[in-house]
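Engineer: Pasting a structure below so you can have a look.
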Amino acid sequence: MLNVTLLGSGGGMPMPERHLSSLMINYKGRKILVDCGEGTQVAIRKMNAGFKSIDIICITHVHGDHIFGIPGLLSTMGNSQRLDPVTIVGPKGISDVMRGLLLSIKQLPYSIEIIEDPKGKLGITNTEQGLKIKEQKDGMNDEITVSTLELDHSAPCFGYSFYLNRRPKFEPEKAIKNDVPRLIWSKLQKGETIVAGDRKYSPDLVLGEQRRGIKLTYITDTRPTKDIPQWINQSDLFICEGTYGDNDDMDKAIKNKHMTFMEAGELAKKGKVKELLLTHFSPALKEPNFYEHNAKKEFAHTTIGYDGYRKNIEYKN
């Protein structure tokens, strides 16, 4: 299961009722942030979510409304007795930006690891030191697979996909049929390959068909692109920017490389996602719910996001 919390649903500048862009993903008590706009710390405190367990911060792009919360957050995490490294993932330029942001912070009690402009998939595993993310190799033991998509904005910008892998079901009858010793059943269930005597035992000898996991996709600060529908295909939850609610603001959306509610709904429909959650609202958009119909005309299963929105995403049988 994944638990998602929309910490900030605003774009451009903070508002009294709306912090800037940030999403928290909770997996087995450990946390991933996507973007860290101004107000993220305050939002985390409101949610009683805790700072020490944030292991990974994924940045979509380096515009201020998505990164200005980083220095304060990292400092607070240091004050919470965190000692394990924190990994920051982002597009080209993230390393230079982080060097600048870190100048404002006294020495941290933990290290910062940066993954800049990854070209392939990344794998996340849950360890005793928290969530660890690295370049994916075979993906066999990765619990979450992360992929990025280059978007169309005025700065290098990533969309993020998080796929929570689900192990095939253990089939004891299959294990017995294949003469697999009971002593190694549990290891094979975990994806390990075991050599015993003159025989090699692989997980497929005890496991059934591959089962569908959970897919969460996050896209903000972009114009619609031809690659997005396939990339978000069959997402259980598609979180997408809706900077402009009114279709009359299409010229602004094109000029500023953002999207309208209608365009987000069109992408959700083309991508055959299960649910669309809109976020990243313009400061001029005082009542996003007033324009909900513009998205729902294209995609009925649309929710207007708000600071503090929470959702559990569970496996489907």
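For all residues, glycine too, the Cβ spot is worked out from N, Cα and C.
Quantities reported herein were computed from a predicted structural model and do not represent experimental measurements.
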Engineer: What does Swiss-Prot list, out of His153, His293, as binding the same Zn(2+) 1 as His61, His63, Asp221?
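Structural biologist: Record check against Swiss-Prot: Zn(2+) 1 site with His61, His63, Asp221, extra candidate from His153, His293 is His153.
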Engineer: For the recorded Zn(2+) 2 site formed by Asp65, His66, Asp221, His280, name the remaining residues of the chain with Cβ within 8 Å of the site's Cβ center, in chain order.
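Structural biologist: Filtered neighbour residues, in order: Gly11, Gly12, Leu20, Ser21, Asp35, Gly37, Thr60, His61, His63, Thr220, Glu241.
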Engineer: Drop a 10 Å sphere on every Cβ of the binding-site residues Asp65, Asp221 and tell me which sphere holds the fewest other Cβ atoms.
Structural biologist: Asp65
Engineer: List the same-chain residues at least 6 positions away in sequence whose Cβ sits under 8 Å from the Cβ of His63 (Zn(2+) 1 binding site), in sequence order, or say none.
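Structural biologist: His63 (Zn(2+) 1 binding site) has long-range Cβ partners Ala155, Asp221.
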Engineer: Taking His61, His280 as the binding-site residues to compare, which has the smallest set of other Cβ atoms within 10 Å?
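Structural biologist: Per-residue Cβ counts within 10 Å for the binding-site residues His61, His280 bottom out at His61.
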Engineer: Could you check the binding-site residues His66, His153 and say which one's CB has the most other CB atoms within 10 Å?
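Structural biologist: Within the set of binding-site residues, the most crowded position is His66.
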